[in-house]
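Worksheet for the structure shown next.
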């Protein structure tokens, strides 16, 4: 089988960890971008396009390596002897290849806003924040249970107990809003220790026993939490590969917007449709958002990609397989679906415009962006309003549970 021009990551990221088994897998294998233009006597070695600066010259590809060479009007001519790195992602590890490149004279604020950028600040910083959160989970678990981790037979991810994860900030519906049949004084068995019982207020960390559940921050905090060491490592395989690549291409603000919107809406959808007894956490919804964005990226740059049908089919098949696997017990497939749909919409909103666009292309692009922005606002407005307006969110769409479980062996009984 010929090697794809996108190199997949041969691993899955981990999903959000629910109440029961906390088993997990994650988004599909992720295609990597590869630099496709090299010195070739002034021609593109695959498509035969003339180099804008003449034969024998070097240049730095645009943010997306499958774009054609930049217009001579878009960049100043290259400065002889100036060495600037561009990133060449091969089949194994990334390496920096040095070549003379046109100097980007845009203001620093514009480069940071629109990309490309060389340092993916958010990807590295958020990975560090997630690691600090994981360490804090272990500390908190030791404070409340006397053990650093829960018995692996109960949490195969090598991490804290369910009740400790809820106490720290996992998505847990009864902590976010009042739920029928769940009272503030309800006792939970084996709360922090096997012999302990505690109320909902104690487990959620409410300041008083009479506090009405209102912890809306649990739509955001789970994005930076993980159920254990295994969960964290698996997610980082994609977060620090595809995430770093996309942040370099998009710039920090656009990438943060994509990542956080996907992660947050994933938990909004999960809170509205998943089981009320399920607690979940992890950045898998955000990572599925990156996958959704990749679909739009392939379609927008269809004519600049070698074998675009193959690339699209690889994305499609691997995504479908991952979502089907999300039907297994212990997986929060609603967070995946919500993140993926958000990524598709965000792709239309923030994807870079094609190089040297015609007037019609500009009009169509901006029309799509406006439509996508409206859809995104409506998604969040309807999702959040329905979650709080419904007497019981689990009854918003009772049959939707089959998007996250299979009706066999009692797998859907918790819904």
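Each Cβ is built from the backbone N, Cα and C atoms, and glycine gets one as well.
Taken from TrEMBL, the feature compositional bias 'Polar residues' applies to 1-24.
What TrEMBL lists as compositional bias 'Basic and acidic residues' is 32-49.
Taken from TrEMBL, the feature compositional bias 'Pro residues' covers 66-79.
Under the heading domain 'Peptidase S54 rhomboid', TrEMBL lists 214-351.
If you look up TrEMBL, you'll see 1-87 marked as region 'Disordered'.
Within the chain carrying the transmembrane segment (115-136), a Cβ under 8 angstroms from the stretch's Cβ atoms is held by residues 62-63, 85, 159, 168, 224-226, 228-229, 232, 235-236, 239-240, 243-244, 247-252, 254-256, 259, 283, 352, all 6 or more beyond its ends. Annotation comment: TrEMBL describes 115-136 (among others) as transmembrane segment.
What TrEMBL lists as transmembrane segment is 216-234 (among others).
Marked as transmembrane segment by TrEMBL: 255-273 (among others). Below 8 angstroms of C-beta separation, residues 16, 120, 122-123, 126, 171, 173, 176, 218-220, 222-223, 243, 246-247, 280, 283-286, 288-290, 292-293, 332, 334-343, 346, 350, 376, 379-380, 383-384, 386-387, 390, 393-394, 396-397, 400-401, 403-404 of the same chain, each at least six residues beyond the ends of the transmembrane segment (255-273), sit close to that stretch.
Among the features that TrEMBL reports, transmembrane segment is placed at 279-300 (among others).
Residues or ranges marked as transmembrane segment in TrEMBL: 312-328 (among others).
Annotation comment: TrEMBL describes 334-351 (among others) as transmembrane segment.
Here the transmembrane segment (363-389) has long-range neighbours at 177, 261, 265, 268-269, 271-272, 341-342, 345-350, 353-354, 357, 396, meaning same-chain residues at least 6 beyond its ends whose C-beta is under 8 angstroms from one of its own. Residues or ranges marked as transmembrane segment in TrEMBL: 363-389 (among others).
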Counts by DSSP class (helix H/G/I, strand E/B, coil) across the domain 'Peptidase S54 rhomboid' (214-351): 106 helix, 2 strand, 30 coil
Long-range neighbours of the transmembrane segment (279-300), counting only residues six or more past its ends (CB under 8 A): 13-19, 24, 26-28, 30-31, 64, 126, 130, 162, 165-166, 169-172, 222-227, 231, 235, 238-239, 242-243, 246, 258-263, 265-267, 270, 308, 311-312, 315-316, 319, 332, 335-348, 350-351, 354
